[in-house]
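Visitor: Below is one structure. I have some questions about it.
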Amino acid sequence: MKCDKCGKEASVSLKVIFNGNSHNINLCSDCMKKYADIPEGSDLGKINSQNISFNPKDLEGLLQKFIPSLEEVIDGFYEYKYNQANKDLSYILNVDEKSCPYCGNLRSNIRNGVFGCAYCYKLDKDLTDKVLKTYNNLSEYKGAYPRAEREFKEVADEIKNLSQRLNESVETEDYELAADLKEKIDKLNMQVKN
């Protein structure tokens, strides 16, 4: 066996348990004396291992190889997360599809009507307009409405549509239809006021 620190022939093998993992450290007699408080001239073979005390500052340098760097910890975390999602890093690196710079939502999701954030609507204007028209029957995105405002807006839109139809029926001189439309508009106006 070779000494893990200097490469000489090792005379001592230490078993170190660090973070739940067992590690073997091989040391020559010189390095062992450096890391442990052993009197000069002592024979290592006759020293009881339970009576050896280690200098913590010197021992820290020896154990350094078992302590992962911050970079290794971060890499390990990301590797764990990617493995959890059953997608390797090459999948993400090979995605050539245009995506939202803010939330990462892919263009294919937007094509299916799934928007991740407000910036997704600005990613591809033509595609967004087409999706909004197809799924929501909207000409443009006007933001999310709370439920109460959404119901009010639906009634207001209905009144607007009926008013347009009323004007058309008056222009074509269909007064019976105009009277019916006027009644519906009045009912909806009463509903809004209440």
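From the backbone N, Cα and C atoms, a Cβ is placed for every residue, glycine too.
A TrEMBL annotation is a machine prediction, not a hand-curated record.
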Visitor: Quick one: sort out which of 33-60, 145-172 is the coiled coil according to TrEMBL.
Guide: 145-172
Visitor: Compute the average pLDDT of the predicted model within the coiled coil (145-172).
Guide: 81
